[in-house]
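Trainee: For reference, the structure I am asking about is given below.
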């Protein structure tokens, strides 16, 4: 058990990070019933903008740039946690303005459009920041490792998991306790009824897409120091995100969180004891669940089960 | 005196018979172009532009293009211009096969160049052998590429896992201890490199206490690193490549595990680590070339690179670029020496070809082994440079090994090249 415990802790930490990635994805799928294949690219975009922000790339050797570079890394990193998601949100909203032409049409149109957007964003990243590996600087305080029970853990990974947990709670509170949250939830159940009640459906969709993209961008900023940054990092993200929302039940907030924790545990534990199966374990988990429960862990009952 | 007269009808008939005989005769030619033509020599580039080795693939390609541009500036090869066609092999063997097939049969490429992934290189070489098209495997380094998967048409330019292990394992065991954990990327290059390392560890009195497999595409190494910490080995021998390796390096550095245990990374491709912080460059690793080598020609080579690629984020050429450049240059030289683009003639020029240390910008003479088609060359061991001259100067070269000291005998035993007769003739 002593040997297993660190891997359980590691798996749950990983699960929280996966949940953070999947939340924005599930929000957009839930409200707009669009699978946003550009979600991973928005994740990458948030991370790259944060990296440029922390490094002061745009300010160069100007007076402001010199002053900016003299600020403590912690301050620049903290502000990047806002700046990165804001940029991703802006990109997400632009994407929604394009995607809205596909509402009411066959789902394939939305899929194709978001897939195309993913390719465009990846190329823009390549053009702007090059193809090479980049790293995102983090404050010394949360860098390095600590020992617990004789085992070594990454400080930053625990910080990231804590931050992910906090973000999950904030999003949940927003959805549960605010009028906007209530409208979003209503929109995910019956968007036409929301429109009939006099709410501007277009604005709601724009807001949700922006929020989903901001969450993707935030996950990107938090994950970048762990995974590193490369233009196609979005591809690494989109598959687990998609798998998690299907496993949890499409549109279910807590379903996504629980599914992410399970995926994290599966990957973490198999990574230690059967590493060749660690990537495969998440797919096996999905197959096992949907075989017996097609709607996913907490999904709504569908025609498949009638 | 004959009164025969060449008529227009006779001339056309003769030409028709000649044409049919040329293309339908008992020869095994896949395609015949007239010699002394001004038709360009077309090279198919099979490097990855996406997937795990996209970054290295781009560097590989830049090396080839510089060699092609230099050749064209000299008037091409055999007076023919060199053209190229690139299709992304996506770091996927199945795509590699399709790309090779298309480059040969539809794009009329007479030579293929490029690989980083050994799985892709193997797939490409099988198609190339079927057509008899010469294929330069520039940068993939599984021992199987010049061992059991060798082919008469394929030439391997990078050092392989065994070469790098031979250079590193004995020193590591005598310096750090005998308890070794293998960290192995779960595909052909990782497995074959780990197999070589295991044999060398046994040979030098070490013990492999665990082998941890790392599936391709792994981004979180925590489980493996916790396991390593539980085992507490003296040495970790890692055969993890591409993006996986980058993620691994960042996470090892974050945990402060870079100095203990000792890390041997069989090979280190420059594009994988370029721009990473110093503490990410832990361990000892192998390479075939470094721009900081104090050898004749290196500075000029770097200058030419910088003139051709002024906007590339990598400001100096790395080992992947070097291999891409050398393979292309030597192919074009071989065509010139053969005075032909006939595949068998060019293959014979490449087999056993000796390259001086000066032209290779290495410490020892290199030779293309005629039995395995792998370039036997100087292998360097390097580590992080804690006193860099500038931001590019990331490596410190520790040792250099004579090619004969790090020869992969296993490849020599495993490689069974097809005979010349069993290799279809091909003329570009």
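The backbone N, Cα and C atoms fix where each Cβ goes, glycine too.
Computed from a predicted structure; not experimentally measured.
In case it's useful when we look at the structure, here is the feature table from TrEMBL:
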type: DOMAIN; residues: B:40-385; note: domain 'Leucine-binding protein'
type: REGION; residues: B:401-428; note: region 'Disordered'
type: COMPBIAS; residues: B:404-419; note: compositional bias 'Basic and acidic residues'
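Help me see these features in their spatial surroundings.
Mentor: Here the domain 'Leucine-binding protein' (B:40-385) returns a mean pLDDT of 92 for the predicted model.
Listed by sequence, the residues of this chain that lie at least six past the ends of the region 'Disordered' (B:401-428) yet keep a Cβ under 8 A from its Cβ atoms are 27-33, 35, 41-42, 109-111, 129-134, 143-144, 146-148, 150-153, 159-160, 162-164, 166-167, 196, 199, 340-344, 347, 364-367, 369, 371-374, 376-381.
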Trainee: By DSSP, what is the split of the compositional bias 'Basic and acidic residues' (B:404-419) into helix, strand and coil residues?
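Mentor: Once the DSSP states are binned, the compositional bias 'Basic and acidic residues' (B:404-419) shows 9 helix, 0 strand, 7 coil.
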